[in-house]
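S.K.: Below: one structure in structure tokens.
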Amino acid sequence: MQKYINEARQLLALAIPVILAQIAQTAMGFVDTVMAGGYSATDMAAVAIGTSIWLPAILFGHGLLLALTPVIAQLNGSGRRERIAHQVRQGFWLAGFVSLLIMLVLWNAGYIIRAMDNIDPALADKAVGYLRALLWGAPGYLFFQVARNQCEGLAKTKPGMVMGFIGLLVNIPVNYVFIYGHFGMPELGGVGCGVATAAVYWVMFVAMLSYVKNARSMRDIRNQQHSGKPDTAVMKRLVQLGLPIALALFFEVTLFAVVALLVSPLGIVDVAGHQIALNFSSLMFVLPLSLSAAVTIRVGYRLGQGSTLDAQTAARTGLMVGVCMATVTAIFTVSFREQIALLYNDNPQVITLAAHLMLLAAVYQISDSIQVIGSGILRGYKDTRSIFFITFTAYWVLGLPSGYILALTDLVVQPMGPAGFWIGFIIGLTSAAIMMMLRMRYLQRLPSAIILQRAAR
């Protein structure tokens with residue numbers, strides 16, 4: 001029991017700064033929406049539309065680079081720190097190539113926006129302008145993630161937290177300058193949010209790079225002499241590890257986007273109630289998501305040390321802590337669901353629906369916690385391909401079709417509206433959780449030599 005308590009302490013020490021960093025990042029999006037809304041409703045809508053396209057694109061790049069964390073954690077655990085600098089340099093090359101691809105996609109996103117049904121031309125122009133300003137921040141964001149993943153792979157999660165709050169503090173005044181046109185800058189409205197956020201991502205990258213360059217604990221990594229040229233073999237391996245993670249993130253984001261589109265014809269009350277429950281659930285999701293990142297670090301580090309038993313301890317501890325957290329948040333959600341809904345809206349019908357959906361959200365949180373921590377464990381084992389297949393099957397083969405049938409058809413019961421989609425979420429996430437656990441058990445039962453050989457690739 002003592003080893004699990006010690007492991008839980010180390011996991012929480014890693015996870016808490018990640019939680020705070022995620023809160024800072026979420027707050028940046030909230031600040032953009034509120035400040036754009038203060039300028040005009042059209043500008044706020046433009047930021048919302050632009051963000052709905054930006055998120056899947058940038059999260060794809062983000063997921064691709066998540067491969068660096070277990071790679072660095074295992075090199076650190078095995079005492080092969082002399083190889084870390086080369087991996088990080090190739091991460092920067094990969095981030096550069098991916099950011100160019102993302103920028104190209106976002107520059108041409110106007111075709112998607114203008115193809116939306118009955119969209120106001122002025123709104124479309126503002127959304128395109130916002131994206132074309134924001135896309136210049138894509139390289140800064142991805143370069144920042146490379147440096148952050150380096151730190152997290154070395155079990156240093158506090159720098160990412162500090163840089164997240166620096167970004168938030170810089171974002172507010174820079175937003176103000178570019179939205180309203182102060183200090184000689186043009187008045188850009190919602191487009192100014194894109195300019196400000198892009199600038200903030202570069203500030204965060206420069207600040208993180210400065211930390212990495214000057215941190216005493218990384219002196220031996222900085223002093224390593226390696227060629228700075230692209231290494232196709234290393235980048236190919238990073239892509240092989242990262243692409244399944246990127247696609248899994250993409251599937252998850254697009255699933256919720258598709259459900260939002262399917263709910264939209266049902267009416268304002270249904271859309272509002274669904275959005276309130278989803279927004280609150282996404283806030284609660286920060287906890288298991290951050291714990292998942294910590295579990296990846298601990299499992300990777302233990303495998304690097306050559307101890308499959310300690311890796312199992314880290315995995316089991318992460319799951320236990322995650323289920324405890326999810327149980328607490330589920331009880332909180334059930335107990336205060338009406339008060340939570342009132343924070344968003346005062347329409348009685350919306351509050352009633354949102355409170356009902358939050359009962360389903362409470363169940364959803366437990367399944368979600370298990371599956372996202374399971375994903376973190378599999379990343380630690382470098383078993384990322386299974387994450388892709390599990391996510392695709394659970395979300396798109398099981399979750400979405402069952403949700404659609406329950407919500408909009410009478411094949412099983414009378415159409416349930418948004419609640420049907422939420423039952424679909426529960427089916428999908430529970431299926432993902434079960435499959436993640438089965439895959440984890442399969443990996444852990446392999447001979448230690450095979451586990452360590454797979455992890456060292």
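Backbone N, Cα and C define each Cβ position, glycine as well.
For reference, Swiss-Prot lists these features for the protein:
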TRANSMEM  11-31  transmembrane segment
TRANSMEM  53-73  transmembrane segment
TRANSMEM  93-113  transmembrane segment
TRANSMEM  127-147  transmembrane segment
TRANSMEM  160-180  transmembrane segment
TRANSMEM  188-208  transmembrane segment
TRANSMEM  243-263  transmembrane segment
TRANSMEM  276-296  transmembrane segment
TRANSMEM  314-334  transmembrane segment
TRANSMEM  350-370  transmembrane segment
TRANSMEM  387-407  transmembrane segment
TRANSMEM  418-438  transmembrane segment
S.K.: Please indicate, using numbers and ranges, the residues of the same chain that are 6 or more beyond the transmembrane segment (93-113) and have a C-beta under 8 Å from a C-beta there.
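M.R.: Sequence-remote neighbours of the transmembrane segment (93-113) are 49, 53-54, 57-58, 60-61, 64-65, 119, 124, 127-128, 131-132, 134-136, 138-139, 141-143, 145-146, 230, 235, 238-239, 242.
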S.K.: In the same chain, who gets a Cβ under 8 Å from the transmembrane segment (243-263) while lying at least 6 residues past its ends?
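M.R.: Long-range Cβ neighbours of the transmembrane segment (243-263): 52, 55-56, 59-64, 66-67, 270-271, 274-275, 278, 375, 379, 384-388, 391-392, 395-396, 399-400, 403-404, 407-408, 418, 421, 424-425, 428.
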S.K.: Could you tell me what the rest of the chain brings near the transmembrane segment (188-208), counting residues at least six beyond its ends with Cβ under 8 Å?
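M.R.: Distal contacts: 28, 32, 35-36, 39-40, 42-44, 46-47, 50, 126, 129-138, 140-141, 143-144, 147-148, 151, 159-160, 163-164, 166-167, 170-171, 174-175, 177-181.
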S.K.: Using a Cβ cut-off of under 8 Å, list the residues of the same chain at least 6 residues beyond the transmembrane segment (418-438) that approach it.
M.R.: 255, 259, 262-263, 266, 270, 273-274, 277, 353, 356-357, 360-361, 363-364, 367-368, 370-371, 374-375, 377-378, 387, 390-391, 393-395, 398-408
S.K.: Restricting to the same chain and to residues at least six past its boundaries, which positions have a Cβ under 8 Å from a Cβ of the transmembrane segment (350-370)?
M.R.: 269-270, 272-274, 276-277, 280-281, 284-285, 287-288, 291, 319, 322-323, 325-327, 329-331, 333-334, 337-338, 340-342, 344, 418-419, 422-423, 425-426, 429-430, 432-433, 436-437
S.K.: Is the transmembrane segment (387-407) close to the transmembrane segment (127-147), in the sense of at least 3 CB pairs under 8 angstroms with a sequence gap of 6 or more?
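M.R.: Per Cβ check, the transmembrane segment (127-147) does not touch the transmembrane segment (387-407).
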S.K.: For the transmembrane segment (53-73), what are the same-chain contacts with Cβ under 8 Å, counting residues 6+ beyond its ends?
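M.R.: For the transmembrane segment (53-73), the far contacts come to 84, 87-88, 91, 94-95, 98-99, 102, 105-106, 109, 112-113, 131, 134, 138, 141-142, 145-146, 149-150, 152-155, 238-239, 241-243, 245-250, 253-254, 257, 293, 296-301, 304, 379-382, 384.
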